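Here's the structure, in structure tokens; my notes come after.
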Amino acid sequence: MKFVIKSISKNSGRLGQLRIGKESNELQTPLLMQTTKGGSIPYLSGDVFDSVCKGQQQQQLLQLTLSTMDQMAESLVQWNRSLSEYVGLPGHATVLLLRDPCETTPAGGNDRDVVPLFTRRGKESLTATRYLELVSSFAPDVYQGLCDADTNPDSTKKRVQKSVDRTERFMEQCYERRVENSTLLAPIVGGYNTFARTQSIKHARQQPAGSYGGYILEGFHSNGLAATELKATQLLPIVEHCVQQLEEEQPRLMPGAYTPLLMLELIRQGIDIFDTSYAYCAAVNYKALSFSYKLDEIRPDDEHTPLLDMTAEEYKEQFKPLLSGCTCLACEKHTRAYHHHLYKTHELLGPILLMIHNLHHLMGFFDVIRASIGTDQLPALLEHLRMQNTSTEINYRIEPNNKIVTKAAMGKGFIAPAV
């Protein structure tokens, strides 16, 4: 993996080019990894995903997770082609992570020599040896080092220190037995403790040159919707502390469903790679992304919401697209009323269309981010996203959908509210 910085600005972050593998195209950073579940883009077939990516970078970076794919390791040993071909998305680069950023990772299960892997079949205890065997079976282009990232804003100092000490022990084996033809990402852990983060960084930086090809910053949240609830005042000082001690020539990755506003703040601090788990978390909770990311865009006063809750009764008679001017399939062919109807009738097409729209919207957002960095306008975009032309700061947190639709409550025409 080769990373080249094209431009860097104190106020707007940095632009870069990432080349993964000898025959890959150059990926422009800041970059969105495509979150997958079991190797598939959630709700989307390969053809639909290709149509969503039309007009974007030809090659995408697929984020694969061991917690949703570990059962494939045995068959992958017999596979003599690329991992992206195995999952039916040929031509794309792959990065293998340990945990699914879309789902809350249960706490506990960590021990001196093992890390818990929570799968659909239950918990498996991974030693460093077993982990490296699995990575060798998958043979991804990029993989993260084994780490104890079971920390969040509420973690105690003792739990944080244990996570750093255990990660150092795991990484000694990962550095010693690097997987051939794959790039290792060095994990930086330590919760919200600056001393622990510094210890983790020092351990990575004291390794011989070429031991790893980038950094993955973890241990800030428990994945799932918890990432959308993080406070910028708590997270940003820790990330800034870490970035100041990392080499500029190495890419920096932060997985998780961070809000668009927080992603902008992190990009401004020098983080290069994120994922699309925010789009998935919104879709699975029947939310459509609707925030404005164009500086010259002017909307009516009632159109400043960052998320449309398609479970709300107000949309049952709104015969207009999710977002005016959006060119995705969900907006060009369907109305808000239809999306609300799909929710009420439990149709699988509902989250499919929302995922199409949310991915399209988030990818367009990153196109604008890269253009804004190039013209040093990221601060203006950040302010636009924070206020959305209103007088109050916008909240991008995703609320879980706890409504239950029953036949008894709907009546004729499905007009009764959900209970």
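Heads up, the Cβ atoms here are built off N, Cα and C, so glycines get one too.
Since this is a predicted model, take the numbers as computed values, not measurements.
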Which residue of H304, H346, H357, H384 does Swiss-Prot report at the same Zn(2+) site as C326, C328, C331? H357
If you count CB neighbours within 10 Å, which one among the binding-site residues C326, C331 has the smallest count? C326
Same-chain residues at least 6 apart in sequence with Cβ under 8 Å of the Cβ of H357 (Zn(2+) binding site), in sequence order, are A288, L289, L322, L323, C326, C328, A330, C331
Inside 8 A of the center formed by the CB atoms of C326, C328, C331, H357, which other residues of the chain have their CB, for the recorded Zn(2+) site? P321, L322, L323, T327, L329, A330, E332, I356, H360, H361
